[in-house]
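Please read the structure below before turning to the comments.
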Amino acid sequence: MSSPAYDVIAALKQEGLKPSDWQEICRRLGREPNRAELGMFGVMWSEHCCYRNSRPLLRGFPTEGPRILVGPGENAGVVDLGEGHRLAFKIESHNHPSAVEPFQGAATGVGGILRDIFTMGARPIALLNALRFGPLEDPVNVGLIEGVVAGIAHYGNCVGVPTVGGEVAFDPSYGGNPLVNAMALGLMETEEIVKSGAQGVGNPVVYVGSTTGRDGMGGASFASAELSADSLDDRPAVQVGDPFLEKGLIEACLEAFSGGDVVAAQDMGAAGLTCSCSEMAAKGGLGVELDLDRVPAREEGMTAYEFLLSESQERMLFVVKAGREEALMQRFRRWGLQAAVVGQVLQEPLVRVLHHGEVAAEVPATALADDTPIEQHELLQEPPADLQELWQWQESQLPALDDPASVLLTLLDDPTIASKRWVHRQYDQQVLANTVVSSGAADAAVVRLRPQQGQGSMESVQRGVAATVDCPNRWVALDPERGAQAAVAEAARNLSCVGAEPLAITDNLNFPSPETPKGYWQLAMACRGIAEACRALNTPVTGGNVSLYNETRRDDGTLQPIHPTPVVGMVGLVENIERVVGLGWRQPGDAVLLLGVAPDEQGDDRLGLAGSSYQMLVSGVLAGRPPRVDFELERGVQQLLRQAIDAGLLASAHDSSDGGLAVALAESSIASSLGVELKLNGRPEGLTRTLFAEGGARVAISVKAECRPQWDQLAAESTVPITELGVVNDGSTFRIHCGEKDVQWSLADLKRAHQEGLPRRIGGEAES
């Protein structure tokens with residue numbers, strides 16, 4: 001095998017590799033790599049593929065539990081729901097592609113996460129997403145959100161999987177570097193969970209799906225670098241998706257898996273053929289030989305380098321039982337898909353690539369997909385000095401609250417808090433006819449669990465799966481450990497608000513560069529916070545995604561990092577979907593109560609204004625230390641919620657998060673068009689904290705009037721703090737008595753602020 005001369009320094013820069021990487025590659029190969037091999041190492045040793053900066057931190061996550069069937073390391077995690085149901089789920093990012101090509105970047109992010117699900121043998125049943133953008137006063141950010149939402153809608157709607165939930169937030173730190181995290185859920189249709197490790201020496205390797213072109217070249221390396229004004233030149237690194245072809249791929253794959261002839265399966269996502277071959281080989285402890293002359297190509301004259309690094313979408317690689325390949329390929333062709341035998345499983349644990357009858361690359365599989373480099377970082381022994389200084393901030397530094405009425409309206413108009421109907425109405429939320437509760441109606445989405453291809457019983461149709469995505473990014477920016485704990489706690493609380501038992505999480509760690517002391521400390525502390533919270537709330541981690549180098553180089557050469565954003569996707573089990581409650585009040589006369597820290601607890605460190613929406617509104621300064629997460633209180637509140645919902649005692653439940661208690665209560669009135677009269681105890685000087693403080697494991701509930709005796713009995717058996725707030729009425733006024741203050745708003749004004757906040761800034765139509 002020849003090693004043609006090339007400019008090593010330029011090639012290393014193109015592949016995102018360091019001089020030390022070159023030395024290590026040469027040591028492992030015992031020779032200099034050729035250009036195709038260097039490209040393979042470039043994508044497989046990128047942060048996107050091998051987590052070279054984060055892998056040691058991820059090992060601290062709890063990954064085992066009684067319901068965990070598949071944990072980290074496979075295409076998706078799988079949990080046992082009982083009664084024959086098994087749920088596959090995962091979250092992944094497509095941040096950098098969406099920054100330079102928002103429509104295709106977001107669309108192919110959806111396609112990629114769906115492939116992770118059905119590659120396991122699961123039929124996709126729902127999609128969610130977590131999105132972050134810069135301020136909408138900048139037309140660039142308006143264009144980004146329009147393109148991203150349209151791309152998500154296009155792919156999800158066309159492939160026929162409902163987008164049922166998610167979150168959207170805005171902050172200057174995301175200007176130029178939006179975050180697009182896509183999560184998918186699927187129900188297993190096969191007896192055996194399909195794994196990705198190659199088995200059976202001599203078994204054929206079969207390529208299925210779309211043809212291979214030059215689109216998406218170097219996408220994994222691109223996703224592991226900072227963004228700059230020159231990043232628009234990287235548009236060829238963004239893939240182009242075809243949701244209609246993916247729909248056929250879903251059906252064909254599930255059909256093929258059910259026949260038992262597929263030994264292993266791997267989708268071709270980041271790093272394309274290179275990643276799928278090397279991962280299958282490394283996980284199976286064997287090797288794979290790949291003949292590029294047999295790979296279906298859509299362009300002529302493609303080099304080995306281009307074949308190996310192409311990230312053309314809707315492609316899969318299978319290891320098939322010898323002798324069954326032709327029948328299997330005929331099945332795929334009936335679905336209009338390309339299918340070809342492109343290689344075989346080898347005894348030697350290496351990836352051998354043939355092109356034009358010659359060996360174009362030969363690399364040990366583990367060098368690409370298992371024994372990859374780990375960056376060594378020194379962890380700061382104390383918080384960075386700038387954060388310690390910010391923690392000195394006191395709530396007394398905020399200006400006095402003179403006009404709470406206008407403040408609430410302004411908060412409801414904030415794009416992060418305002419209604420996201422402009423986003424949600426572009427998604428088909430009801431396709432498949434299993435959506436029980438979707439975006440905006442409750443604190444978590446709920447999907448009915450129907451039997452899938454003989455899996456599950458007819459009695460299971462009363463059961464459902466709930467899902468949510470959460471991250472208080474401002475809290476994480478101020479205290480990564482507390483902020484990450486809060487992300488897990490809020491996700492579990494949101495599931496409990498619909499009556500679901502939290503089961504497990506998938507995480508998407510969106511962070512700036514880990515190469516600075518502060519950057520690595522933020523990542524390490526957030527991982528610690530997630531691990532602590534998952535252990536405390538019994539929600540193991542089944543896998544996820546790490547996206548680093550989320551920062552933009554300004555024109556003056558300085559870097560603008562995003563706020564650290566560890567998005568937590570959590571799933572839960574609903575035993576009776578008939579008992580699920582939404583966030584809106586249901587009927588006049590129902591009592592309104594608050595679970596969690598009481599409104600008048602002025603000195604409680606579980607509640608605060610640091611990192612709050614109110615702080616940003618009135619001061620524009622992000623400072624202080626966010627509230628402490630009380631896991632014992634969280635467990636108590638969530639258990640009481642689930643018990644009350646299961647008993648049919650509650651009419652509504654809505655957690656207090658962005659904007660604090662006043663915003664949560666207002667949102668319940670807006671959702672129901674019902675008025676409410678509330679009394680919040682508190683001193684006049686503590687009015688700001690009473691209305692707008694965040695944290696405290698708090699949930700506003702309404703108890704059915706006819707169920708009040710049963711509720712009182714249940715509450716008496718609990719140690720959870722419960723505060724009586726008021727009563728729902730059929731009026732058109734939202735009124736709060738707080739100490740000597742008596743403040744009221746018309747529901748029409750609240751609705752107008754909440755519903756017009758986002759479309760007014762984008763230029764779309766407001767809700768009717």
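Here the Cβ of each residue, glycine as well, is placed from N, Cα and C on the backbone.
Quick look at what Swiss-Prot annotates:
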ACT_SITE  HIS48  active site
ACT_SITE  HIS94  active site, proton acceptor
BINDING   TYR51, LYS90, ASP507, GLY544  ATP binding site
BINDING   GLU92, ASN545  Mg(2+) 1 binding site
BINDING   SER93, HIS94, ASN95, HIS96, ARG115, GLN239, GLU311, SER312, GLN313, SER547  substrate binding site
BINDING   ASP116, ASP267  Mg(2+) 2 binding site
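GLU92 (Mg(2+) 1 binding site) and ASP267 (Mg(2+) 2 binding site) have their C-alpha atoms 14 Å apart, to the nearest angstrom. Nearest Cα neighbour of GLN313 (substrate binding site) among the listed recorded positions (HIS48, HIS94, ASP507, GLY544): HIS94.
Take the CB of GLN313 (substrate binding site) and look out to 10 A: across all protein chains shown you find 29 other CB atoms. The ATP site is set by TYR51, LYS90, ASP507, GLY544; from the centre of their CB atoms, other residues of the chain with a CB within 8 Å are LEU58, PRO72, ILE91, GLU92, THR506, ASN508, LEU509, VAL541, GLY543, ASN545, VAL546. Ranking the binding-site residues SER93, ASN545 by how many Cβ atoms sit within 10 Å of each one's Cβ puts SER93 at the top. Taking only the Cα positions, the spacing between GLY544 (ATP binding site) and SER93 (substrate binding site) is 9 angstrom. For TYR51 (ATP binding site), the recorded positions whose C-alpha atoms fall inside a 10 Å radius of its own C-alpha are ASN545, out of SER93, HIS94, ASP116, ASN545. Candidates HIS48, LYS90, SER93, HIS94, ASN95, GLU311 (recorded positions) were compared with ASP116 (Mg(2+) 2 binding site); those inside 10 Å Cα-Cα are LYS90. Counting in whole angstrom, SER93 (substrate binding site) lies 7 from ASN545 (Mg(2+) 1 binding site) by their C-alpha atoms. Cα of ASN545 (Mg(2+) 1 binding site) to Cα of ASP507 (ATP binding site): a span of 6 Å. Over all protein chains present, the Cβ of GLY544 (ATP binding site) has 25 other Cβ atoms lying within 10 Å.
Spatially close to LYS90 (ATP binding site) yet at least six residues away along the chain are ASN75, ALA76, GLY77, ILE113, ASP116, ILE117, MET183, ALA184, THR506, THR542, GLY543, GLY544, ASN545, GLY569, judged by Cβ distances under 8 angstroms.
Maximum intra-site Cα distance, substrate binding residues SER93, HIS94, ASN95, HIS96, ARG115, GLN239, GLU311, SER312, GLN313, SER547: 21 Å.
HIS48 (active site) and ASP267 (Mg(2+) 2 binding site) are 16 Å apart (CA-CA, integer value).
Straight-line distance linking the Cα atoms of GLU311 (substrate binding site) and ASP507 (ATP binding site), rounded to a whole number, equals 24 Å. Ranked by Cβ neighbours within 10 A across all protein chains shown, the recorded positions HIS48, HIS94, ASP267, GLU311, ASP507 are led by HIS94. Within its own chain, ARG115 (substrate binding site) has ASN75, GLU246, LEU249, ASP267, GLY269, GLU314, MET316 as residues 6 or more apart in sequence whose C-beta sits under 8 angstroms from its own.
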